[in-house]
Every structure is written in structure tokens, then in C-alpha cells.
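Listed in TrEMBL for this protein:
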DOMAIN    2-206  domain 'Tr-type G'
BINDING   ASP14, HIS15, GLY16, LYS17, THR18, THR19, ASN136, LYS137, ILE138, ASP139  GTP binding site
Amino acid sequence: MPQIRNVAIVAHVDHGKTTLVDSLLWQSGTFRDNQDIAERVMDSMDLEREKGITIMAKNTAVRYTPDAGALAGEEVKINIVDTPGHADFGGEVERTLRMVDGIMLLVDAAEGPLPQTRFVLSKALALGLEPIVVINKIDRQDARPEEVLNEVYDLFIDLDADEHQIEFPVIYAVARDGQCTTELGGEMTDLRPIFDAIVDTIPAPKGDPDAPLQVLVTDVKPDNFLGPIAIGRVVNGTLKVKQRVLLCGREGARKPAQVTQLFVSEGLARVEAESAPAGEIILAAGLQGIGLGESVADADDPKPLAALSIDEPTLSMEFRINDSPFVGRDGKYVTSRNLRDRLMKEGEANLALRIEETDSAEKFLVFGRGELQMAILIEQMRREGYEFAVGMPQVITKEVNGKLHEPYERATIDVAEEFMGVVIETLGTRKGMMVEMKNNGGGRVRLTFEIPARGLIGYRTEFLTDTKGTGLLTHIFDGYRPWAGPITHRATGAIVADRQGKVTPYTVVNLQERGQLFVGPQDEVYNGMVVGENARDEDMEVNATKEKKLTNMRASGSDNFEKLNPPKRMSLEEAIEFIREDELIEITPNAMRIRKRHLDPHERKRAAMARKQEA
Ligand SMILES: Nc1nc2c(ncn2[C@@H]2O[C@H](COP(=O)(O)OP(=O)(O)OP(=O)(O)O)[C@@H](O)[C@H]2O)c(=O)[nH]1
Ligand SMILES: [Mg+2]
């Protein structure tokens with residue numbers, strides 16, 4: 001067996017992890033020179049490629065032969081785990097860390113450490129993992145690598161790193177060009193210094209290949225042909241194909257199973273293996289029923305590992321059947337049965353989400369960690385041909401010592417000084433507390449807030465408007481605290497269509513002064529559909545299909561048509577941020593419409609009255 005090193009690449013979102021993996025793959029000779037390989041090749045899901053972010057952690061492995069050091073001339077297998085940087089997937093990263101013996105912490109040379117940097121580093125340090133720090137993107141115009149390195153040291157100290165951990169190697173890199181150096185200002189070379197740091201700093205995995213089998217399962221992914229694939233680390237013993245094992249569940253359940261197929265990573269591929277010794281990262285089929293963070297043990301001499309705790313959801317969202325008048329226009333699956341089956345399947349395959357049925361057959365609750373996670377499920381379902389509607393995300397509250405508590409987030413905001421005032425004021429009204437303010441130089445400040453998760457729902461769009469698109473906002477779950485009281489989520493009302501038909505240019509001209517429209521001429525609308533945002537904080541019902549008599553139009557209207565403002569076409573994430581409790585988003589394969597929950601105006605009024613009485 002070759003020497004093994006197991007390393008996870010961790011960082012805040014967009015700091016360049018997947019790009020670095022590309023370069024490591026190329027330089028380890030995984031691809032032939034003329035091979036046509038997509039950029040950010042590890043981001044292999046459609047949605048990952050479109051959004052340009054990593055959604056799921058993924059494994060790869062490369063071979064490297066160091067020139068010098070204790071292992072000079074010896075080939076080392078390096079298992080690399082690329083992790084997502086977005087906070088919604090923090091739980092997955094936390095589990096992933098249990099597979100490895102060290103981390104490569106990437107920090108953007110301009111942005112410096114951000115909330116997810118802090119989160120992953122704190123978890124890695126607590127597990128005693130060996131860190132390597134890579135200050136990436138030193139080619140950026142606004143790079144400030146020395147300062148950023150100091151901020152990284154501050155972060156290690158702040159997180160109580162021990163003396164040994166703080167002596168991490170530092171490498172400055174331009175991941176995109178596959179170049180790095182160990183001395184700022186020194187000559188840039190290929191990535192050998194990074195490979196060498198991995199081999200020298202990260203310890204070989206411990207564990208006894210001859211001991212009774214223990215495999216820690218950190219992830220389970222569906223596979224159409226093989227069934228669920230368990231991904232994890234052989235902690236002790238040796239896992240063999242066809243081996244009879246015992247699945248050790250979280251609550252003490254024990255279930256016999258047999259490994260039908262066993263794989264290890266080699267480059268981008270998973271290759272079949274006869275056996276995998278302690279220290280290897282494996283993918284195994286046949287372990288139906290194993291859950292995240294649970295373990296697989298020897299059938300004859302079971303020694304289960306302690307199950308990993310998994311994140312409690314902090315957010316829920318209602319998924320319900322589509323009952324708009326346009327139902328079935330372009331979707332294949334529209335019934336409550338279709339919706340139920342699809343969601344239940346998701347709940348089984350995607351263990352980061354939990355699905356609950358409700359007292360109504362038409363309505364389900366999906367529990368998870370964040371809006372992006374929900375948006376990804378919605379997007380996948382619409383592509384598969386489903387029609388349904390979703391409600392506003394709700395935070396999950398709980399009682400602690402008889403008092404109502406709600407999830408809080410730690411938000412970090414990077415803005416030009418001129419926008420500081422408006423940000424502080426707005427977050428104040430959303431019950432945010434500023435806990436830190438730091439001048440980053442260059443006219444930018446970094447503000448840190450502790451804020452109820454509720455206060456951030458719907459804030460991003462407003463934030464981008466307030467900062468003219470230049471602000472940076474990131475946040476991360478920060479525990480439960482006492483309920484902060486009412487928070488206004490949106491200060492505007494809705495413009496609601498009062499009948500079905502096609503939108504006319506005439507109504508657009510008339511309505512666009514009242515607020516921002518979401519529809520343009522020829523778009524079809526229905527009674528109860530939200531066609532725009534009313535600048536005033538009240539709903540306004542309109543006839544969006546009104547025609548002006550042709551004679552009058554010639555007199556006054558014709559030149560007006562040139563003044564038609566384009567409609568605002570929201571992205572799914574924007575729509576999720578926008579809607580209020582009494583609104584839904586109708587999702588179909590080709591359309592997304594915002595609507596009132598109650599399409600009938602009388603029912604709507606009744607519901608509004610009932611809500612007022614409750615409050
Ligand atoms: N200027 C510059 N840009 C880089 C460098 N490395 C990566 N980028 C860019 O940074 C962006 C994000 O890169 P990714 O590799 O997707 O970042 P990531 O950390 O994997 O992102 P998530 O997985 O979504 O957290 C891309 O547009 C890259 O081209 C670099 O060294 N210099
Ligand atoms: Mg990535």
C-alpha cells in the first residue's frame with residue numbers, strides 16, 4: 001500500500017477551493033496534456049456549474065512523489081476533499097472534516113477571513129487537524145496578503161489554537177494559474193510547495209488495518225444503478241468487497257448488510273477496489289439504511305463508533321400543490337401524490353433535509369439550514385417537470401427553560417464607508433446588534449452583527465440596493481437566543497391582479513408609477529397574482545388587462561409606450577426573499593409567479609383580519 005494523506009480544502013465561499021483542486025489535478029498528471037477538461041471540474045452538478053458554487057463535498061485523489069524529505073522518491077496517494085464554502089452547507093463540511101487528518105485553509109488575499117473561514121477553522125482545530133494556510137488570489141489588484149496573514153493569525157489565536165497548530169506553513173498562491181510561492185515577493189513556481197506541505201505537515205492516517213472493522217460514514221449519495229453510496233473513512237480494520245458487516249445506527253439500531261461494491265478515488269474517477277485498509281476514504285454500495293454520521297462495524301466483533309451529531313434544521317418552508325388557474329400548463333407532475341413521493345424520496349436521499357407531512361394532504365414542510373439549500377431543491381424539482389408552490393421560509397423556534405428562543409446568525413458585512421450608516425440603521429430595525437467594526441483601509445469597513453435569522457430573511461436584495469451592488473454580506477448560524485420580538489420583513493405592499501388575462505401596455509404605463517412591475521405586456525396574469533411591488537406598505541388590486549380605447553390612444557398614448565419600464569424578473573432566490581407570509585411562489589418548469597396565498601379577494605380579506613386579530 002502507498003502512503004496516504006487525507007486533506008480537506010476549506011474556505012469561505014468563492015475563495016478558490018475548486019479552482020485550486022483543478023490545478024492540483026493538472027499538475028499531478030491526472031489528465032493528459034491535450035485532454036479537454038472543464039474548468040472547476042469538481043463542480044460537476046448542473047446547478048453547481050450554473051451558479052458557479054460548490055454545493056456538495058466531493059472526493060478526488062492524486063499521486064505525488066516528493067523530491068526531498070522523509071518520503072523522497074516514494075509515491076504518496078493524496079485524498080483531497082473539495083468542500084462547499086456557502087454557510088448553508090456548513091454541516092456537510094463539518095462531517096467531511098472527520099474523513100481527513102488535515103486541512104488546507106484557503107483565504108482570499110483581498111477579502112481575508114470571513115464567517116465561514118472562522119466556522120470551518122474552529123471545527124478543524126477542535127478536531128486537532130493539522131492546518132496549512134494558503135493565501136490565494138495574490139494577483140488581485142486589491143490583494144493585501146501580509147495583512148490577511150495577520151488576520152489569519154489573529155483568528156487562530158481567537159479560536160484558541162494550540163502552539164503547535166499555529167505553526168502552520170503558509171503558501172501564497174494564484175490558484176487560477178496553478179502558481180504559488182512560500183515567500184511573498186519570491187519567485188512563483190508550480191504547486192510543488194503545496195504538495196510538499198501536504199506530505200510533510202499532514203500526518204499519515206492512524207488506525208490499525210488488522211483491528212476489527214470500523215467505518216465512519218460521513219455522507220450518503222443516491223445512485224440510480226447502485227442504490228445509496230456510503231462515503232466515509234475506514235477508521236480501523238480493512239473493508240473488503242462482499243464483506244458482511246453490521247450497520248450501527250444513531251439510536252442503537254443494528255442491521256446486517258453486505259458490501260456489494262467498493263470503490264476508492266483515483267483522479268476524478270471512483271475505481272473498484274477489492275479492499276481498503278484503515279486510513280482510506282471509501283465509497284461503498286450495499287449499505288442500504290445507513291445514515292449520516294453513523295458507522296459500519298465488523299459483523300462478528302462489532303465495535304460501533306460514536307455517531308456524529310448532525311445539524312438541527314433552523315428553517316422550514318412549506319411546499320404545496322399548485323392550485324393556481326394555470327396549473328398543469330407546462331408541468332408533468334402536479335398532483336399531491338406526485339409532490340409527496342418526490343419530497344419523500346428527497347428526504348431519504350438528501351439527509352441534510354427533513355420532510356414532514358402536515359394535516360393537509362396538499363401541504364408538506366421541508367426543514368433545512370438555509371434559503372440556498374431550499375432554492376436548490378426547488379430548482380431541481382422544476383427541472384424534473386414538477387409544478388408546486390412554496391411559502392416564505394420560517395425560522396424554527398424552540399423553548400429553552402420555558403422561554404421562546406429563535407436562531408441567530410452572525411453576519412459580516414463589508415461596505416464602503418459611505419454606506420455604513422444605512423446598513424447599521426436598517427439592521428438595527430431588523431434587531432441586529434453590531435458587535436464589531438473594523439476599518440479595512442481603502443475606504444472600506446467591516447461590520448459584524450449578531451442578528452435573528454428572521455431579520456436577514458429578505459434583506460439581501462435591500463442590502464445590494466442600499467450599497468449600489470458593492471457590498472459583501474455573509475452570515476452563519478450562531479446558536480439559539482431569546483425571541484427578539486416582531487420584525488418587519490418587507491416595507492412594501494403588493495400590486496395584485498384582480499382578473500385573468502393578458503397584460504396590456506396601457507396598464508403598464510399607468511401602473512409603473514405606483515411601483516416596480518414584475519410583468520410586461522402580453523404576460524398572462526390571474527386573479528390574485530402579484531404583478532408588482534407597491535411602493536406603499538399596502539396591497540393594491542388592479543386590472544392589469546385594461547385596454548384604452550384606440551381613438552384616445554392615438555391622441556395621447558402612443559408616445560407613452562416608449563416609456564415602458566422593463567419588468568423586474570426575479571430570480572428564485574430573490575423571490576424567496578421577497579414574499580411575505582400571505583404570499584406563495586408558484587413554480588413550474590418554465591415559469592415562476594408570485595401570488596397571494598388566497599386568490600379570492602374575500603378570502604384574502606378574511607385571512608388578513610384573522611391575522612390582525614392574532615397579533
Ligand atoms: N484573481 C483570481 N481569481 C481566482 C483565483 N482562484 C480562483 N479565482 C476565481 O474565484 C472564483 C471562485 O472560485 P472557486 O474555485 O469556484 O471558489 P470556491 O472556493 O470553490 O467556491 P465555493 O465552492 O462556492 O465556496 C472563480 O471565479 C475563480 O476563477 C486566483 O488565484 N486569482
Ligand atoms: Mg468550490
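Start at 1 and count along the chain as shown; that gives each residue its number.
Yeah, the Cβs are placed from backbone N, Cα and C, and that goes for glycine too.
Predicted automatically and left uncurated, TrEMBL annotations should be read as such.
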* Span of ASP14, HIS15, GLY16, LYS17, THR18, THR19, ASN136, LYS137, ILE138, ASP139 around GTP - largest C-alpha separation, Å -> 17
* For ASN136 (GTP binding site), what is the secondary structure state per DSSP, taken as helix, strand or coil? -> strand
* Taking the Cβ of ILE138 (GTP binding site) as reference, which residues of that chain separated by at least 6 in sequence fall under 8 Å from it? -> ALA109, PRO145, TYR172, ALA173, VAL174, LEU184
* When neighbour density is defined as the number of other C-beta atoms within 10 angstroms of a residue's C-beta, which of the binding-site residues THR18, ASN136 has the lowest density? -> THR18
* Taking only the binding-site residues ASP14, GLY16, THR18, ASN136, ILE138, which have a CB closer than 6 angstroms to any atom that belongs to ligand 2? -> THR18
* Could you check what DSSP calls ASP14 (GTP binding site) once collapsed to helix, strand or coil? => coil
* Asked: Of ASP14, THR18, ILE138, listed as binding-site residues, which ones have a Cβ less than 6 Å away from ligand 1?
  -> ASP14, THR18
* The one of ASP14, GLY16 whose CB sees the fewest other CB atoms within 10 Å, among these binding-site residues -> ASP14
